[in-house]
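Student: In case it's useful when we look at the structure, here is the feature table from TrEMBL:
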{"type": "COMPBIAS", "residues": "B:377-386", "note": "compositional bias 'Low complexity'"}
{"type": "COMPBIAS", "residues": "B:387-401", "note": "compositional bias 'Basic and acidic residues'"}
{"type": "REGION", "residues": "B:370-401", "note": "region 'Disordered'"}
{"type": "TRANSMEM", "residues": "B:16-35", "note": "transmembrane segment"}
{"type": "TRANSMEM", "residues": "B:47-70", "note": "transmembrane segment"}
{"type": "TRANSMEM", "residues": "B:76-94", "note": "transmembrane segment"}
{"type": "TRANSMEM", "residues": "B:129-153", "note": "transmembrane segment"}
{"type": "TRANSMEM", "residues": "B:160-178", "note": "transmembrane segment"}
{"type": "TRANSMEM", "residues": "B:208-229", "note": "transmembrane segment"}
{"type": "TRANSMEM", "residues": "B:256-277", "note": "transmembrane segment"}
{"type": "TRANSMEM", "residues": "B:297-321", "note": "transmembrane segment"}
{"type": "TRANSMEM", "residues": "B:333-354", "note": "transmembrane segment"}
Amino acid sequence: MPLIRLLRPSLSRLLFAALALAFVHLATQPALAGPYEDAVAQFAAGSFADTEEAIGKLVASAHPRAATIIVALQDGRLFADPDAKTVFIKAEDGKVTDAATGDAVAALPDKASAVRLNNKLRRAVSGAMAGLTLLSPDLNKRIQAAQSVFKTHDETVLPTVEAALKAEKNAAAKQAFAEARAAILLFKQDASDVDKLDAIAVIKARGDQEAMALLTGVPAGQSAAVTSGIASAKAAIERNLALWSMVQNAWYGLSLGSVLLLAAIGLAITFGVMGVINMAHGEMVMLGAYTTFVVQEAIRTRYPALFDYSLLIAVPLAFLVAGAIGVLIERSVIRFLYGRPLETLLATWGLSLIQQQAVRTLFGPTNREVGNPSWMSGAFELGQITITYNRLWILCFTLAVFAILLAMLRYTSLGLEMRAVTQNRRMAASMGIATSRVDALTFGLGSGIAGIAGVALSQIDNVSPNLGQSYIIDSFMVVVFGGVGNLWGTLVGAFSLGIANKFLEPVAGAVLGKIAILVLIILFIQKRPRGLFALKGRAVEA
Amino acid sequence: MTPHILTRSLNRSATVFLLVLAALGILLPLSNLLLPDGSFLHVPTYLISLFGKYVCYALLALSIDLIWGYCGILSLGHGAFFALGGYAMGMYLMRQIGTRGVYANPILPDFMVFLNYKELPWYWYGFDMFWFAALMVLIVPGLLAFCFGWLAFRSRVTGVYLSIITQAMTYALLLAFFRNDFGFGGNNGLTDFKDILGFNVQADGTRAALFVLSCLALGIGFLICRAVVTSKLGKVLIAIRDAESRTRFLGYRVESYKLFVFTLSACMAGVAGALYVPQVGIINPGEFAPGNSIEAVIWVAVGGRGTLVGAALGAIVVNYAKTVFTSGPLAPYWLFMLGALFVLVTLLLPKGIIGTFNAWWEGRKEKDEARDRAQRDSATAAAAESAAREDGVIERTMVKR
Amino acid sequence: MSLLETRTTSAMLYLDGVHVSFDGFHAINNLSLTLEPGEMRAIIGPNGAGKTTMMDIITGKTKPDKGEVVFDGTTDLTKLDETQIATLGIGRKFQKPTVFESQTIEDNLLLALNVDHRVRGTLFWRRSEPESKRIDRVLEIIRLGDARDRLAGSLSHGQKQWLEIGMLLAQDPKLLLVDEPVAGMTDVETHQTAELLKEINSHDKTVVVVEHDMTFVRELGVKVTCLHEGTVLAEGTIDDVSANERVVEVYLGR
């Protein structure tokens, strides 16, 4: 066996060089005996040793049919006629083909029997499978195979891995092969210390959880140099992992922060700019989410093709629905309560109860299904963290909403009027601004943005009548923490709370982390009652 | 307490309130215990417990009215003090179960056995003694309120900011008490109580006694509130409510006053919770829900804030309505009703039932007086206005000079 | 700051080099002012001159960015809060009359009385004979004797001004800061107010009056300080100040 193993690399190298030529021959002269044909024929020899050798040869031949044959062998569908030295594959549907050529055969010869496997052979078979895919023309398959070899670090495929490494052009695949090779060498009993230390360096460079697992799994009894190499590599990987987990937490934090910002941004208008305590703010978010649900239902039943655009349709609708209800609330209740914040708080709490119950009556108390469009499903890898598309889109969406709102306040006439009314209501009124109209529109704007937030939140949260309640306290915390009347404060507040929460979570657990955040905010507000970015001066006292 | 305080505290409406309370507190239990089941005037035990619950709510409402109606502190977290008092009582009742629990552990309550506690957490020590639990009913809510208030009032957190952080406080406690490893029974809370001071909590006699005690607590709480609000301290509280900064410039340490009244109020809420638990037979983290605290505020608003009697009345009226609605076919509409109550009371009845009634009563009494005064006032107002107009003129002439 | 502890002045109120800015706006700019014990001073100045901010600094509502504020020779006011300053004996009447509207006139005065202001003290407080007499006396001075049981909110603007001055009297401070006391008063009332302030001043009280009404300031007949953009523009008798070119310029604009 060792002899064959030593031979194999040169064999396969030869083979790769001659592959093109061989194909031509194979196509025209299927009967011509070559390494591949020899290998196939050897399956008929009968002994386990022959079978094992045949497997090795077959893999080394890298013939396109090799994989088919190995799979059949694995499934016990490979039959051999010991006399005729011919081998057949019986497909799952019972059709019989000649293993070497793939030509259909009427029936199995009477003498043909299944090629037997023992445990050692089974390992060889799975190693062969990996070896074969290592040589697959499909880049992704090659990388996948290399990664699976990295985990199994099966010595038998080492020659194949090395061959593949030499022949590989693609950088990513090359990297994967090098790592697979390193894994095998590290676990190989008779590999030299120099090889092993090189291998450790490669694995250390990989630096992820799997590299860590691999290093941890190295059996004891290595030389001192290797043992210390492993230890230092493990330490390095640990540092690397810690770094990545920080990046991961930071991303989760940003993601949570964007959700908080989205929920709070409307409140930053109604509470921050107008000073109206709208306890029904969460219900505006909920209305937005239900609007999305209704839009998706309509699309599902009428125009299923539009499903991917459902959110684009829902955003303006949610803005209008929540905004209209906001204007209605302002005109019918809140305008009578200006200057009485505590009463406003109670009245809007009542409104939130009414809205919740109304939605519960209309849509039922249970969660409603809101789907993700295709562009919001799935995830991609960035370094060692996974980023889901819906979270990424929500982050982008939130920032876009924030930017638009900021621009709106700064550059439109409504924005100008809003700022004028907040700064000096009487002066604004005497300059001909219809302050009550501005009040209604400002409140509508804040509510409409809450509605938009609902569309986004429907993608990551349960759409139920209680949706809004889970956001209201957090939203207020964000606005108060950031400093009332300051949109930038809300932005900073949302992201810092989101990130703080996610960094506390691994340490304290989700619930305790949340409690800790609440307690910290309570303490913070007492230290700086007007938030991070507070307005100063005499006007504040009013 | 000197008789002086008592006479000062008892005006006509306060006396009427206490008399009615005393009458109910004596007659209802008597009818329950002495009259035969079929009798027309017999009050069944379940009603005694229900009324007992209302009385506890009334005490909670009273504690909210003391700080909101008189000092302008709108706490949206008073349910937390109520629940903490309730938990302190619940812990005593749990320890009284002893070996009668499902797991028959003499020390550990059932849920601890179930959650694999090896020994009693230190904060459960002493709760097998009634006096200790009774003390904790006052101390735990009081201490929390004191610490919270000390931080909040010293840094001048006022108005809605205070309301929002009190809400965050009860929310944080809600999350904490839901946790199993917090040691208070997690989601299920404390329940399956057997007896209190050796009396079966289910027995008619115990129920009646608890009702009487609740009425007594409400009466005493009411007297304490009256004594506070009719003292000079009460005037300072109202001054703080109406013009906090002005009060400071008169040399009053506003935060001390707020802290005193907030802590007192939290202790009252704790007592209310402690009496509530044996009557309803359970305390769970749901009591910390922010919604509960806000609901309690609306009782006060309905009855009339700053009237004390109104707060108690509001709690009873709203809760009676809740019982009627939620037990009948109208149950799905209760939240509509409650929501509408919040909106309508703040919009149309800002003084509440008692406040509106008082205003109407006094308005009628002082009608004649007011008419005279109005004539005088309009004269001075006109004079003031002309003076103000001159103000500008004077300034201009000065410059010319 | 360490300098302050050793320095004592004979002045009742001593401001030196005081600066305050709100978000970059310099409300008070190098303001220096000295009041001798028993002095009455009128402060004038156009809107935004920093008169009210100056009062805020003295009473502890606003903390100066830098500068010294010393009361009664030794006390550094910048380190104290409103309550402590009020307890020291500095009383203030606000520009917009601020009385406790939902309480009676008598209760307003009762709250202002300089007795024990601690929680326990007020909880167990009982009215004593001398206190009742003092309230009666103040009511007489501010001419609201027959209205003592009326709610302060039902008073006219001028009456509220008087009630607030009455509260100052009940408070019995060493230094009185009076912000626009005669706004909204008739000529007769203005005259009476001037007399009242002079009367208060004659009892060894130090008084600072901020006022726009020049007739009133003239009637007080005291030293006048004109503030502009947070600093002292001119100081002297009313005639000197109103003849000052820069003062005229400030009021008229260029």
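Don't overthink the numbers, they just go from 1 along the chain as shown.
Positions of Cβ are set from backbone N, Cα and C atoms, glycine also.
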Student: Do we see three or more Cβ pairs under 8 Å linking the transmembrane segment (B:256-277) and the transmembrane segment (B:129-153), pairs being at least 6 apart in sequence?
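Tutor: In this chain the transmembrane segment (B:256-277) contacts the transmembrane segment (B:129-153) - 3 or more Cβ pairs sit under 8 Å.
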Student: Could you check whether the transmembrane segment (B:297-321) and the transmembrane segment (B:47-70) come into contact, where contact means at least 3 Cβ pairs under 8 Å with the two residues of each pair 6 or more apart in sequence?
Tutor: yes
Student: Please identify the stretch among B:76-94, B:160-178, B:208-229, B:333-354 with the greatest number of Cβ pairs below 8 Å relative to the transmembrane segment (B:47-70).
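Tutor: Per the Cβ under 8 Å count, B:208-229.
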Student: With a Cβ cut-off under 8 Å, give me the same-chain residues at least six positions beyond the ends of the transmembrane segment (B:76-94) that come close to it.
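Tutor: Same-chain contacts beyond the flanks: 60, 63-64, 109, 124, 127-130, 132-133, 136-138, 140-141, 144-145, 163-164, 166-170, 173, 177, 184, 189-190, 193-194, 196, 201, 265-267, 269-278, 283, 285, 287-290, 292-294, 296-297.
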